[in-house]
Amino acid sequence: MKGSPHLINLNGEASLFEVNIRYIGGLLAAYYLTGEEVFKSKALELGEKLLPAFNTPTGIPRGVINLGSGMSWSWGWASAGSSILAEFGTLHLEFLHLSELSGNPVFAEKVMNIRKVLNRVEKPQGLYPNFLSPVTGNWVQHHVSIGGLGDSFYEYLIKSWLMSDKKDSEAKKMYDDALEAIEKHLVKKSAGGLTYIAEWRGGILDHKMGHLACFSGGMIALGAEHAREERKQHYVDLAAEITNTCHESYERSDTKLGPEAFRFDAGTEAMATRLSERYYILRPEVVESYMYMWRLTHDPKYRQWGWEVVKALEKHCRVEAGFSGIRDVYTTTPTHDNMQQSFFLAETLKYLYLLFCEDDVLSLDDWVFNTEAHPLPINHTDFKASVQQ
C-alpha cells in the first residue's frame, strides 16, 4: 500500500456512499485494530476526495463523484436528480472519526449539516422518504423503505448515539421518533402471525420486505437495551419477531437461503412471488440480526439458525474459487451467478464468526460496526462540542 501509485487521483465515477462505508470504514477499522499509520493517512486522503460532493445549495451531497476532478452528480435512476436517504444518511460514523483523527472539523460539520436539513424538513407522518433534492432540501417523492434506499440511515442514528458514548442526544431522539413512526405506519402482522415491515408509497402500503430490511431486527434489539424502561421488553419482542420472520424467509426456501425480497399478499407469507426476487447474493442482513439477538439475549436458537446458514452456504454457494450467489433459492440445483460480493467477506462471514465467538471479541460495549461491519471504537469525546453549530 505504501508504494502504490495514487490510484484515487484517477478519473472515474465512484459512489460516495460505497467509498465511505467500504473503503474509509475499512481503512479506519484497520487503523484502530492495528495502529498502523498508513491506514489512517489513506482514510483521511480518501475523505478529502469526497468533500466536493457536498458543494450543493443545501450541503446534502450528490451520490456520485469523480475522485480525480471532484465533479459530482446524482444517480441517473434517482428521481429528479435527488440524493438517496441511505446514502447521505450513512456517512456520520466515519466522518466523525475523520474529524477526530485529523483535528479538522470539516468532516463533522458536513454530517451535522445533513442532520440540520433533515430536522428542518417536514416528515410525512413522521416518516423519512428515500429521495431528497440536494438543491431545495425537499422530498422528491414519498417512498419510504426500511430496506434498500432507506435502511442504514436509521442504523446510523442509534449507532451515532452509541459511538458518542451516549452524549449525542439529537441522534437518539431522531432514532426514537423514526422508530415510533415506523412502528405506527409500517409494522404489520400477517394472517399467519409473522411480523414484518412493509414499504410505504405515498400512504399506500406495499406488503413486501426486502432482504436488506432484515438488518432491522438487530438494530431494534441494539436500541432496545437503551430504551425507556417500560418500552425495553416491547422492543426486544419486536426485534425477535422481525428476526423470526426473516428466518422464515430462509426456512421456506428449498436451499434454506433467503430471497432478495419476500411478500405478504394473496396468501403468500415470507416468500418471493416474482422471479426477479428469488435470488440470493450472499447478503449478510439476516445473520447480522442473529448475531445481535444472540449477543443481547443468548437464546441458543440464534446460533442454531446461524449454523443452518453456514451449512446452506457450503452446500449451495461454495464453488472452486470461493463462494457465489445463486439465481433461485427455491430450487435445490441452483445456478450460480459467479459473483462473490465484497460484503460476503466484510459482513456475512464476520457476523457468522462473531455469532459463535465469546461476547468479548469486538464487544458491543467498546465497538460499533459501520454498515459494512467495519468496527469503529466507541469514542469517549464529545464530537458535537467541537463542531460550530
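Every residue gets a Cβ built from N, Cα and C, even glycine.
Keep in mind it's a predicted model, so treat the numbers as computed, not measured.
These features come from TrEMBL:
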| type | residues | note |
| --- | --- | --- |
| ACT_SITE | Glu18 | active site, proton donor |
| ACT_SITE | Asp151 | active site |
| ACT_SITE | Glu260 | active site, proton donor |
| ACT_SITE | Glu285 | active site |
| BINDING | Thr371 | Ca(2+) binding site |
| DISULFID | Cys214-Cys246 | disulfide bond |
Cα-to-Cα gap, Glu260 (active site, proton donor) vs Asp151 (active site), nearest whole Å: 14
Residue with minimal Cβ packing [other Cβ atoms within 10 Å] among the active-site residues Glu18, Asp151, Glu260, Glu285: Glu18
Per-residue Cβ crowding (10 Å cut-off), top of recorded positions Cys214, Thr371: Cys214
Pairwise Cα distance for Glu285 (active site)/Cys214 (disulfide bond) [Å, integer]: 5
Candidate nearest Cys214 (disulfide bond) in space, where candidates are the recorded positions Glu18, Asp151, Thr371 and distance is Cα-Cα: Asp151
For Cys246 (disulfide bond): intrachain residues, at least 6 apart, with Cβ closer than 8 Å: Met209, His211, Cys214, Gly217, Gly258, Glu285, Val286, Ser289
Pairwise CA distance, Thr371 (Ca(2+) binding site) versus Asp151 (active site), rounded so that it is a whole Å: 10
Alpha-carbon distance [Glu18 (active site, proton donor); Asp151 (active site)] in Å: 14
